[in-house]
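Residues annotated as ATP binding site in TrEMBL: A:F14, A:S15, A:G16, A:G17, A:Q18, A:D19, A:S20, A:A21, A:T22, A:C23, A:L24. TrEMBL lists A:C202, A:C217, A:C220, A:C223 with the feature Zn(2+) binding site.
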Number of protein chains: 2
Amino acid sequence: MTEPTSDKTALVLFSGGQDSATCLAWALARYARVETIGFDYGQRHAIELDCRARLLDGFRAIDPAWAASFGDSHTLSIPTLSAISDTALTRDVEIAMGADGLPNTFVPGRNLIFLTFAAALAYRRGIADIVGGMCETDYSGYPDCRDDTIKALQSAISLGMARDVTLHTPLMWLDKAATWRLARDLGGNALVDLIREHSHTCYLGERGARHDWGYGCGECPACALRAKGWREYQARA
Amino acid sequence: MTEPTSDKTALVLFSGGQDSATCLAWALARYARVETIGFDYGQRHAIELDCRARLLDGFRAIDPAWAASFGDSHTLSIPTLSAISDTALTRDVEIAMGADGLPNTFVPGRNLIFLTFAAALAYRRGIADIVGGMCETDYSGYPDCRDDTIKALQSAISLGMARDVTLHTPLMWLDKAATWRLARDLGGNALVDLIREHSHTCYLGERGARHDWGYGCGECPACALRAKGWREYQARA
């Protein structure tokens, strides 16, 4: 494994999904100390949050240097978000495309809220580097995952807190197959296997059946994207 | 009073303070329909929220057209903000300047959070115009009130929600005396008297003694600023 290249601390948005688990490995390879933050906002897949502990244990087991780098693991509850968002992720309705071309899983501004809360916590802890798994390549119509959005928000946060904050998005231009390759490069097949087994992607919030790409319903857009990425990764491996 | 110049709906960030009450009048003069949003985040001056109802009643009494324009009044609870912010506004500590030149009342990114939640609610209600009382002239060291910050955030929100949102800040370049003059221009002395009597500014969250400029402790920075503005308004009136 690589030595950390920075003596700073990073705060990683860590939901327990494939993308954020890969971001966590990316940060562990670069920063002397890494803290994580997860959000509980009444979403159906609270199971994703349960996956965090198992993944963190797995990271510690893969590399003692990683184990030594872990700082606090934070969970912030944001009940406000579900209160104002009548969407498929927070209510028991079918996932579909809305008239505006966005999936009805879209919680308006969700990533803006997550990143701004993360920045507020980071401010209090003297952390200037925030890492998130936003990705434009497979962004499924979510405008708050786009690079333009993240860069505008970095400006707003840095100006609004009078402190330079960097929002790192190492997956921004990767597709899901490339994300698996990045995980392999960062932590070998042990990390790929860990993420495959214990990360959660399925919109339905079910562990579901075991597939070669992990657990999930196998039908929802998130499962379909994950399955496609795994197939492509395997084909090119 | 003026006729509304827009057939649109505006959402006004309405805390019950002098600035946001003036913004509410500004919006009522311009928009066919006006909704308000207030935030409860465990701050010491929850009394400010109590002032909202009395102010809204007062607005309705001043002008029947205003009464007809009022839409829903929303209150969002944001317990997350107080959970991560160890500051004088949310805890019983003395207000002072921190080593970074910011008052310890500063909740990092507070206005970013407020405006983004307001935008999420506005999105769900089909509202594109958001009005807030942020002011750079008397900004007391709060970087999230600065014009640069608000403009960067407008970009981030518009990109992140894939919808043009405008953050209106009619007080941005006014001092407190000019804010009183704006209230007078919008609603006459009846509005000035209403805001003076029922808006709340004091950091200590007390109604306190009655002064010529309203109620408050009379000692904290917010009371001092309000008193100074009132004196200047009276001197120039």
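Cβ atoms are placed via backbone N, Cα and C, with glycine included.
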By Cα geometry, the one of the binding-site residues (A:F14, A:G16, A:S20) nearest A:C217 (Zn(2+) binding site) is A:G16
Note down the number of other Cβ atoms within 10 Å of the Cβ of A:T22 (ATP binding site), including every protein chain shown. 27
Closest of A:F14, A:Q18, A:T22 to A:C202 (Zn(2+) binding site), Cα positions, binding-site residues only: A:Q18
Count the Cβ atoms, other than its own, that fall within 10 Å of the Cβ of A:Q18 (ATP binding site), considering every protein chain shown. 26
Cα of A:T22 (ATP binding site) to Cα of A:C223 (Zn(2+) binding site): how many Å, rounded? 17
As a test of the contact definition, list every same-chain residue at least 6 positions from A:S20 (ATP binding site) whose Cβ is closer than 8 Å to its Cβ. A:V12, A:L13, A:F14, A:G132, A:G133
Nearest by CA distance to A:C223 (Zn(2+) binding site): which of the binding-site residues is it, out of A:G16, A:Q18, A:L24? A:Q18
What is the set of residues, excluding A:C202, A:C217, A:C220, A:C223, whose C-beta falls within 8 angstroms of the centroid of the C-beta atoms at the Zn(2+) site? A:T201, A:Y203, A:L204, A:E206, A:G208, A:G216, A:G218, A:E219, A:P221, A:A222, A:A224
Any idea which of the binding-site residues A:L24, A:C217, A:C223 has the thinnest Cβ neighbourhood at 10 Å? A:C217
Where A:G16 (ATP binding site) sits in the secondary structure, as DSSP reduces it to three classes: coil
In sequence order, which same-chain residues at least six apart have a C-beta under 8 angstroms from A:G16 (ATP binding site)? A:G38, A:E48, A:L49, A:D50, A:C51, A:R52, A:L55, A:H198, A:S199, A:H200
List the residues in the vicinity of the ATP site, defined as same-chain residues other than A:F14, A:S15, A:G16, A:G17, A:Q18, A:D19, A:S20, A:A21, A:T22, A:C23, A:L24 with C-beta within 8 angstroms of the site's C-beta centre. A:L13, A:L55, A:G133, A:I195, A:S199
Could you check the binding-site residues A:C202, A:C220 and say which one's CB has the fewest neighbouring CB atoms inside 10 Å? A:C220
In angstrom units, rounded to an integer, how far apart are the Cα atoms of A:L24 (ATP binding site) and A:C220 (Zn(2+) binding site)? 25
Roughly how many Å lie between the Cα atoms of A:Q18 (ATP binding site) and A:C220 (Zn(2+) binding site), rounded to a whole value? 16
